[in-house]
Amino acid sequence: MSSVRIECVAKEGCRIGESPVWDEKEGALLYVDITGRKVCRWSPVTRQAQAIPVDAPVSSVALRKSGDYVITLGTRFAALKWKEELVTTITQVDKDKANTRFNDGKVDPAGRFFAGTMAEEIRPAVLERHQGSLYTLFPDLSVVKHFDQVDISNGLDWSLDHKTFFYIDSLSYSVDAFDYDLQTGKIGNRRSIYKLEKEESIPDGMCIDTEGKLWVACYDGGRVIRLDPETGKRLQTVKLPVDKTTSCCFGGKDYSEMFVTSASDGMDKEWLSRQPQAGGIFKITGLGVKGVPPYPFAG
């Protein structure tokens, strides 16, 4: 696979870049900087990123059917109007907990927004354990909690037949699968389909391709790996020039380009001098597979 090319397209380093989502209508890549507290949109035409500042750690962004976006902000699900730079709270979770925040989120094929929480970090990946939960925001704006005792709620996606929900709780070092009921949004029968190897480090964000294979960004592993959820085998490893790779998505005109976010938080001067692109957004071409367009939130 010598045709694989990696390019840093947005060099304004994020502290914790996350949640890349391709916005086909805008022909642009959305992503967030969690600790930098901003929602960003990078255009391949201008090669510039616009950023909207927000008032709390912002951990994921998703498209919205009615236009604009939904985000997870602190412990709130919120709506973001881009042009007006206006954020309005939809609802709040974890009201009984003082020190949690949302982390990764994604919309399911029926338009429900899934997102999970975690304890606020003391240092990157160092935090009070079992404080997080997984939630769904339904199109009628009601919220359901699926389970708690989560360490770092992270990557999520759905199989091509929508019968399986894939999920990562980072500190379990495992990619898990659940049976999925698309009619109700219910999940069950949790099982591990892949355990990360030592050099792959911590599983973070995830996406699926049109062949039904999963791509997982490995935090502190400096790579994305391609997994077969049926066999539990790793099929491919793509190494990046930064250690803290955080998430991935497909985008571009035909969803054949992969975008990978990264982080710089927790790196000292010496480490940053070795990896000056830390916190940048990377574009990978030549993978030979395409991705599934993101679903918009139906509410």
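Any Cβ shown, glycine's included, is placed from N, Cα and C.
According to TrEMBL, the protein has these features:
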type     : residues         : note
DOMAIN   : 16-264           : domain 'SMP-30/Gluconolactonase/LRE-like region'
BINDING  : E18, N154, D204  : divalent metal cation binding site
BINDING  : R101, N103, E121 : substrate binding site
ACT_SITE : D204             : active site, proton donor/acceptor
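A map of TrEMBL features onto the structure.
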residue : record                             : CB count, 10 Å
E18     : divalent metal cation binding site : 26
R101    : substrate binding site             : 22
N103    : substrate binding site             : 26
E121    : substrate binding site             : 19
N154    : divalent metal cation binding site : 30
D204    : divalent metal cation binding site : 29
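For D204 (divalent metal cation binding site), the nearest of the binding-site residues R101, N103, E121 in terms of C-alpha separation is N103. Taking the domain 'SMP-30/Gluconolactonase/LRE-like region' (16-264) as a whole, pLDDT averages 97 in the prediction. Counting in whole angstrom, N154 (divalent metal cation binding site) lies 14 from E121 (substrate binding site) by their C-alpha atoms. E121 (substrate binding site) sits 16 Å from E18 (divalent metal cation binding site), counting Cα to Cα. Take the mean position of the Cβ atoms of R101, N103, E121, the recorded substrate site; other residues of that chain with a Cβ within 8 Å of it are I34, P57, S59, T100, F102, T117, M118, A119, E120, L127, I152.
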